[in-house]
Amino acid sequence: MDQGDQQWDGMNITRALEALSPYINNPRETVIRIEVFVGVSTALLFLQVTLGPCRRRSSNFLIQGALWLAYTLSFPLSAYTIGQMLSSPVKNGLYPLWVALILWAVGCSNSMTAYGLDDNKLWRRYLFVLLQYFFYAGIIFRLLVPTRYEFLLFPKGPIFETQPIAWSIDILISVLLFTSLVRAMANWIATDSYHSQVVADYMRDQVNHTANHHVSVDPITMEGYRYIVFLPSHLLCGFKVAKGPTYRNKLVPADDGIITIDAIWREKFDDSWLNTDGGGSQLNDVCLSFALSHLLKRRFFGMECAEAAHDETRKFVLEGLLSHKDGGARAFRIIEVELGFLYDFFFTKYAALFHMERSFIAMVLLRIILLSITVAVLLGGSPTIMTPKPVIEVGTRSVDVSITIMIMGILLLVEALQIILYLMSDWATVSLACGYTRRSGTCNKLIPFVIWFLRRFNLSRYWTSMISNTKFGKFLYSLNLFGYWQNQMGQLSLFGLSKTETRPSRIFVWLDDLFCQAFLLANLTVQEYILQPIFSKISNIFFSSAKTSIGVPDLVKKEIVSCLQKTNIGGPLTNGQAALRCNGEAALQHHVVLEHISCTLENQSQTMTMLIWHIATEYCDLPSPNELEEHQSSAQEEENAQIDKKYKQVAIILSRYCIYLIANVPALLPGDSTDTLMVYRAVVNEVQRDGVWASHKPCKAELLNVINNCDSRRRTKEEGNNIIEGSPNNNNEEDTIFMKGLKLGKKLEEIGDGALRWKLMADFWVETIIYIAPSDDATAHMERLAQGGEFLTHVWALLTHAGIVRHDQRRNPEDLV
C-alpha cells in the first residue's frame, strides 16, 4: 500500500471519528431524543382519538388545525424515529418495544383514518409505507435475539428463556400488523364503488318489482320499503359475479342473507337496549338512517337513483318522515344520524370494523393482554441487547422504564376509550338490531350479546348524570361534543361588511408583499390573481368579524318542512316564483303588483338573484325614520307583531345564510363556484363603492339617497340620449346588483302590512333554500361533513330521499343520478 492510500485511509478514519463523535461523547442524548419522539407519537394518537369525533361537530380552526397537524405529522415523525433507531450506532434494549409502540400509534386510531376525501385514494401508498415500517421493526427486533435469523421463525434458543419480553413484543407486532391493515382496508372501502353499485342494482329491481306487482307500501310502518340495512361480506367484497343478459347484481334478501329495513321494523326490541327514553322506536330510526346512508352514498359514486320521482319515494318522505307533528324534528334527526354514518364511512375506521366486529374485539383484547404482560415483564427487568454486531450500547435506566410504562398506560387508556366509543356508537346499535333480526345460529349473536351486556351498565347514562350538573360538564355541552354536527348556520351580511373587514390583515399584506418581492418581483399577474386572493382568504377565515354563526332555529326547519309539503315534487322546483304567486292577491290590496318584481328572478344566475334579494331583505330590516312612532301606534296588535317577528326571523336568517354559502362554500350551490365568487366579490365592491358609509351600518335615509342619486344620473343620461337619438330609454338594465337590490327593497316596503311583507320574503328564502339544495356535487357535501357540516347538506339529503335530485327535475325517473 503506497503512502497516498495510507493518507486517504487516515482521512477516512478521521472523518468517521468526527461523524461518530456526537454519539461517542454523548450517546445518551440519542436515546432521549428517540424516547421523546415515541412519546410525541403517542400524544398524536391520543389527540386523534379524542378530537377526531369533534371534526363533524365543529368547524373551529383550532380543532381542525390540531387534527391536521396530528394526522400529517404522525407518519413523518414515525419514519424519522424508526430511521434513527436503524441508522444510529447507539442502541438500547427498549428499541424493539418502542418501535412497537410507534406502530401502535400510527395504525390504531379508529376515529380518524383520513383528513380529506383524497387521502382515502392513497391507501396503496399507506399500505406500502406500512409494510416498510414492519420490515424495519423486524430488523430492530433482532436486537433482542442472537444473530441467526432462525430464532425468529423457530424460537427454541435460550434467548426466549432469559428474555420473555421478546415473546410478547413479537406477538404484539404481529397483532399490530393486522390492526394497521384494517386502516388500509377502511381507506379502500371509502373509495370502492362496488357496494354502491350493488345497492343501485338492487333498488332498480325493487322499483320494477313494486311497479309490476303493485306492492302496497306503508311509510308509517315501513312495510314494503325493502331498503338494505346489512349486506353480507361475500356480497360486499364482490364474490358474487353478475350474470347476463343484464349483467347486474340480482339480490334476493331471503337467500343472500340481506337484512332490510322492513324486517327490522317488524321486530319488537327491548327499550333498554339503547339506554335512552326513545327505546325501540329510536333503534328503528337509527337503522333507517343507516339504510338511507347506503342510498345517499350512491350519489357520491355517481350511481343511478332508480327510485327517484316514484310515488313510493315521495310518500316515504311526505307521509312518513314528515308526517309527525313535530315540525320535522324527527326527519332532521334521522338525517343527522344518516350523515353521521356517512362521515364515519369516509373518515373513520368504523365501516371496516362493522363488518369484522369479532376480529376487532378479539384484537383489542389481545393487544390489551399483551401490553399488560409486557408491562409486568418490564417491571421484572429491562431487556438487554443480544446482537454481536459492534454498537454503542446505552444501558436502560429506571426513568426510561417509567416513561415507557407511562406511554403504555396511555395506550391502554386509548384502547379502552376506543372500544367504549364503538360499542356505544350507532354502528353498534345497527349491529345489535341486525344480530337479533337474524334467525341463524348463536355465533352470529355473540357480538350483539356482548354489546347488549355492556349497555346494561348504562355507561352513557352514568356519564351524563355524573357530569351534567358540573361546570366542566356544562362546558363540554356548550362545545357540542355530544351531537352529530355543529348545528350552526353561518351568517354573513353585505351591510355588515366595512371596508376594513374585507381587506386582508396587515400581516398578510406584508407577507404578500414579501413573497412577491422575493420570488415574483416582476410577475404582477401572479401577485394579483394568486397570492393576494390566498392571503385575503386566510385573513377572512381567521380575522374577519363580519362572519358569525347561530344555532339552527326550529322555526326554520318547520318552514322548510311546510314548504316541502306544499311543493309539487313531480314538477321542477322554482326559485321564488311560487312565493310571489301565493302572496300576489294579498299584495294587490296594497297596490303592489308582484309580477313587476318577478324580473329579479329571471334572465340572471341564481347567485345574482340571491344577492339582489339579500340586499332587499337587509334594506327592509333597517329601521325607518318614523319606525318608533309606528311601533307605538301598533303596539296593541300583539298577534300581528308576533307573526311579523316570526317571518322576519326566518327571512333574515336564511338570507344571511345564503350569502355565507356564496362567500365560503360556493361548491354547494348551483353553477360554477369560480363564477359565484367572482360575482360576490364584484357586488362587495359595489356596496363599498356606492355606499356612503365607511365604518358603520347604513341607515335607510342614506340608502334612499343612493337610489335617488342613481335615478338622477340615469335621467340625465336618458335626456342626453333623447337629444342625440331622439328616443326615450326607460329601462334599468344597466343598474348594478346593489342598486337592483335597493330598488327591490324600496318596492317591497310599499306593502304596508309588515307581516305580509316579511311573509313574502320568508316564503321566498325558504323556497330558495329548497331550490339550491339539489346538487350533483356530492363530494363537496361529504367534504363539509368533516368541517362541522352544513345545514344545506341536511336539506340536500332530505330532498334526495324525496326523489328530488335536481332542481329542474320532472317526473321522468330515468337517468337520475
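In case you wondered, yes, glycine gets a Cβ from its N, Cα and C as well.
Counting same-chain residues at least six beyond the ends of the transmembrane segment (30-49), those with a Cβ under 8 angstroms from any Cβ of the stretch are 23, 66-67, 70-71, 73-74, 77-78, 80-81, 84-85, 88, 90, 92, 95, 98, 101-102, 104-106, 108-112, 394, 400, 403-404, 407, 410-411, 414, 417-418. Annotation source TrEMBL lists transmembrane segment at 30-49 (among others).
Sequence-remote contacts of a segment are chain residues at least 6 beyond its ends whose Cβ falls under 8 Å from one of its Cβ atoms, and for the transmembrane segment (61-83) they are 34, 37-38, 40-41, 44-45, 47-48, 51-52, 54-55, 98-99, 102-103, 105-106, 112, 115, 129, 133, 136-137, 140, 541-542, 787. Residues annotated as transmembrane segment in TrEMBL: 61-83 (among others).
The domain 'DUF4220' annotation in TrEMBL covers 68-495.
For the transmembrane segment (95-115), same-chain residues at least 6 beyond its ends with a Cβ under 8 Å from one of its own Cβ atoms are 34-35, 38, 41-42, 44-45, 48-49, 52-53, 55, 67-68, 71-72, 74-75, 78, 81-82, 85, 130, 133-134, 136-137, 140-141, 143-144, 165-166, 169, 172-173, 176-177, 179-180, 183, 186-187, 190, 346-350, 353, 367, 374, 378, 383, 404, 407-408, 411, 414-415, 418, 421-422, 786. Positions annotated as transmembrane segment by TrEMBL: 95-115 (among others).
Here TrEMBL flags 127-145 (among others) as transmembrane segment.
Residues of the same chain lying 6 or more positions beyond the ends of the transmembrane segment (165-186) and with a Cβ under 8 Å from any Cβ of it are 96-97, 100, 103-104, 106-109, 113, 123, 126-127, 130, 134, 137-138, 141, 144-145, 152, 155, 159, 348-349, 351-353, 356, 359-360, 363, 366-367, 370-371, 373-374, 377-378, 383. Taken from TrEMBL, the feature transmembrane segment applies to 165-186 (among others).
If you look at the transmembrane segment (360-381), the same-chain residues 6 or more away from its ends with a CB under 8 A from one of its CBs are 97, 104, 108, 164-165, 168-169, 171-172, 175-176, 178-179, 182, 353, 401, 404-405, 408-409, 411-412, 415-416, 418-419, 422, 447, 450. Annotation source TrEMBL lists transmembrane segment at 360-381 (among others).
Annotated transmembrane segment per TrEMBL: 401-423 (among others), in sequence order.
Restricting the average to the domain 'DUF4220' (68-495) gives a pLDDT of 81.
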